[in-house]
Amino acid sequence: MVYAHNLGFPRIGIKREMKKTVEAYWRGEISQQQLQQQAIELQLTNWKIQAEAGVDLIPVGDFSWYDHVLDMAVRVGAIPSRFKALNSNITDTMFCMARGQAPNGIETSACEMTKWFDTNYHYIVPEFTTNQSFELHHDDLFKSTKLALENNYRAKPVILGPLSFLWLGKCKGESFNKLLLLEKLLPVYAEIFEQLSSLGVEWVQVDEPILVLDLPPEWQQAFLTTYQQLNFFNLKCLLATYFGSLDDNLSLTCQLPVDGLHIDYCRAPDQLDSVLSQLPAEKILSVGIIDGRNIWCNDLNRSLTLLENIQSSLGDRLWVAPSCSLLHVPIDLDQENKLDVELKSWFAFAKQKVAEAAFLTRGLREGRESIGAELKKNEEVIISRKTSKRIHNPNVEKKAASVTERLMRRQHEHSIRKNKQTAQLNLPLFPTTTIGSFPQTSQIRCLRRDYKQGKIDDALYEEKIRQEIAEVIGIQVKLGLDVLVHGELERNDMVEYFGELLDGIAITSNGWVQSYGSRCVKPPIIFGDVSRERPMTLRWIEYAQSLTTKSVKGMLTGPVTILAWSFVRDDQPRSQTAKQIALALRDEVQDLERSGVRVIQIDEPAFRECLPLRKAAWQDYLEWAVKCFRLASCGVKDETQIHTHMCYSEFNDIIEAIAALDADVITIESSRSEMEILKSFEKFAYPNDIGPGIYDIHSPRIPRVAEIEELAVRALQYIPIERLWINPDCGLKTRNWEETKEALSRMVDAAKHLRKAFSSEKTPTIDLELQPAST
């Protein structure tokens with residue numbers, strides 16, 4: 001029989017219950033027993049939503065208090081030694097690994113965090129050593145599975161596969177071949193399967209998303225040997241791939257001794273024919289035809305026609321599903337009461353997407369007439385979106401068509417610009433700055449909420465925000481920072497803020513998705529041509545600059561990041577949408593410069609995350625991404641200093657594109673990797689200034705001055721003294737004021753020590769070894 005199933009459901013809860021509960025636990029306001037009870041309630045709610053929608057096989061094990069990769073590391077006992085001695089409690093150990101701090105107050109350096117493939121979700125990077133051991137260490141998956149079965153759900157446990165788990169981890173200390181760990185790891189996977197089998201489970205979903213990457217031959221071979229060795233203890237295995245095409249990994253994937261294969265049709269429709277021709281006759285094919293990464297409702301008529309054709313070949317060996325876990329979309333469109341009615345009709349969130357999968361499955365089982373009403377209603381929605389006049393703006397399209405190469409070049413090269421900027425800004429050696437945002441207190445959030453709800457008027461809101469900006473400027477001046485920021489206190493999110501002010505973009509009220517841990521974001525929805533009617537940031541930056549003689553940065557989010565962190569229209573190339581955003585930002589940059597702002601930061605933390613997973617597609621993306629950044633940034637004089645910021649970026653393979661952005665200063669996240677990221681600059685002479693993140697803002701732990709100095713000295717192995725900036729890893733929005741002021745004070749002290757030690761008149765006197773960071 002054709003089944004409807006799902007690869008994973010959002011964890012955060014319809015009202016973000018997960019976030020509120022886990023943060024209360026971190027603050028010591030609730031017990032661990034209360035934490036676990038909330039986990040049970042959230043999972044039961046998620047399973048009920050899916051079952052009532054008509055999903056046949058319910059994913060179990062997709063819930064996590066922080067991250068599913070972290071959960072897998074803890075489950076198999078891959079707990080770094082620095083955490084083992086700190087906590088006997090496995091839940092607190094997990095939180096300590098993620099945050100560097102456990103609820104009991106114990107601190108140590110957190111595990112590294114990076115992006116999950118090309119999404120805006122972040123995972124905690126497993127750490128492996130040459131003497132790594134594994135053991136079954138956590139029974140969370142078994143408890144959840146048992147709970148689902150006891151509540152009469154047909155449970156399909158979900159786990160990250162062994163090859164993807166190793167690939168996503170990193171060697172700590174001495175480098176070695178991670179595949180050597182399989183011999184110790186596979187018996188633990190076998191234990192997991194044995195226990196799941198003993199519970200009465202029929203199917204298990206094993207996620208191996210790295211099969212859509214360019215894999216080295218030894219990793220391809222490892223798939224064959226690994227899955228031949230794995231003992232599933234009579235469980236049926238659905239091997240799940242997503243985010244791209246199997247391509248050269250298709251043949252080996254079809255050879256694996258598993259019972260079914262899931263493919264991402266939405267991201268890689270061209271692979272379908274090859275999959276159908278190579279799939280062994282006894283295997284299930286799960287077709288991910290509902291887009292798990294975007295919010296547009298499915299064209300059910302078109303999808304059903306495609307699935308009917310597949311069914312004619314596969315019969316009951318066809319399953320229907322979203323393309324990937326629904327972790328990446330909001331939970332329930334029914335919670336949106338303020339969206340324009342026509343716009344809302346075009347959308348589908350997680351609850352609606354599992355219903356779409358169930359509708360299609362029913363159509364395959366019982367015939368089109370069984371879902372005739374749904375098909376008719378859906379057809380009306382599809383036509384409405386295609387013909388709506390609100391999508392196209394002739395003025396925007398004309399402006400985009402008139403863009404020339406000249407608009408994407410600065411007046412002179414960086415060396416000339418730097419001399420002019422140095423004379424104007426009068427900055428010291430090792431200039432200090434922050435990335436942009438400052439702590440968002442409950443008072444600030446309440447102020448913005450009251451303003452949005454109409455409880456306070458424009459005048460009072462502006463007065464209050466100005467008071468907050470003045471306080472932030474005063475704190476920075478007192479701390480001794482060199483280039484200041486206004487704190488972004490008027491912004492709820494670095495992308496949503498601009499989404500609210502740009503035409504062609506809609507904002508939801510409850511469209512939250514998980515970014516990392518308890519951090520949730522509310523991506524804007526780009527539904528039409530994008531344009532700027534009026535200045536978006538000017539009044540706040542002008543006011544902040546009026547309070548100090550030091551430079552205050554204008555703060556903008558770049559075109560690629562706005563694109564990456566939004567749900568984007570799918571009726572034109574993403575590059576075209578990015579160009580429209582870049583033109584709107586260019587107008588804003590020029591307005592800021594005309595007002596006297598001398599430093600303007602255009603954040604592009606998502607620049608690398610948008611990179612296609614397959615290298616063959618890189619060049620096309622990098623060309624248009626670089627052009628869009630330059631289109632936004634190059635309309636200013638030489639004297640205006642352009643900054644950009646990037647997150648979690650491995651630069652080695654795209655360093656030339658980073659340089660091509662031609663930002664005067666780039667700040668990057670690097671502290672968790674202990675400056676390892678700067679190895680990119682060993683062979684490439686990056687010409688502009690760099691500010692490697694000198695302390696980790698994602699952890700509440702405050703670094704010692706000596707630690708900051710040590711990281712700066714490591715950075716000097718790759719960056720000339722006159723080009724090195726001192727700054728945190730990222731914005732400070734999620735930290736509290738006590739942590740922020742103390743950490744920045746230590747950062748400024750470290751910069752002063754460095755200036756003294758590395759002044760041009762004397763030999764460095766700082767008591768640190770000048771050698772590259774260990775890897």
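Positions of Cβ are set from backbone N, Cα and C atoms, glycine also.
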Swiss-Prot records ARG16, GLU17, MET18, LYS19, ARG519, CYS520, TRP565, GLU609 as 5-methyltetrahydropteroyltri-L-glutamate-binding residues. Which of LYS115, LYS420, LYS679, LYS683 is assigned to the same site?
LYS115
Among ASP316, ASP591, ASP603, indicate the single residue that Swiss-Prot lists for the L-methionine site containing ILE435, GLY436, SER437, GLU488.
ASP603
HIS645, CYS647, GLU669 bind Zn(2+) according to Swiss-Prot; which of CYS446, CYS610, CYS628, CYS730 goes with them?
CYS730
How big is the 5-methyltetrahydropteroyltri-L-glutamate site in terms of the longest C-alpha to C-alpha distance among ARG16, GLU17, MET18, LYS19, LYS115, ARG519, CYS520, TRP565, GLU609, in angstrom?
28
Rounded Cα separation (Å) that holds between ARG16 (5-methyltetrahydropteroyltri-L-glutamate binding site) and GLY436 (L-methionine binding site)
26
Annotated L-homocysteine contacts ILE435, GLY436, SER437, GLU488, ASP603, maximal Cα-Cα distance (Å, integer):
13
Integer Cα-Cα distance in angstrom, GLU488 (L-methionine binding site) to CYS647 (Zn(2+) binding site):
18
Look up ILE435 (L-methionine binding site) in the DSSP assignment and report helix, strand or coil.
coil
Based on Cα distances to ASP603 (L-methionine binding site), point out the closest of the recorded positions CYS520, HIS698, CYS730.
CYS730
Nearest to ILE435 (L-methionine binding site) by Cα, among LYS115, GLU609, GLU669, HIS698 (recorded positions)?
GLU669
Among the binding-site residues MET18, CYS730, the one whose Cβ has the most other Cβ atoms within 10 Å is CYS730
Which three-state DSSP class does GLU669 (Zn(2+) binding site) fall into?
coil
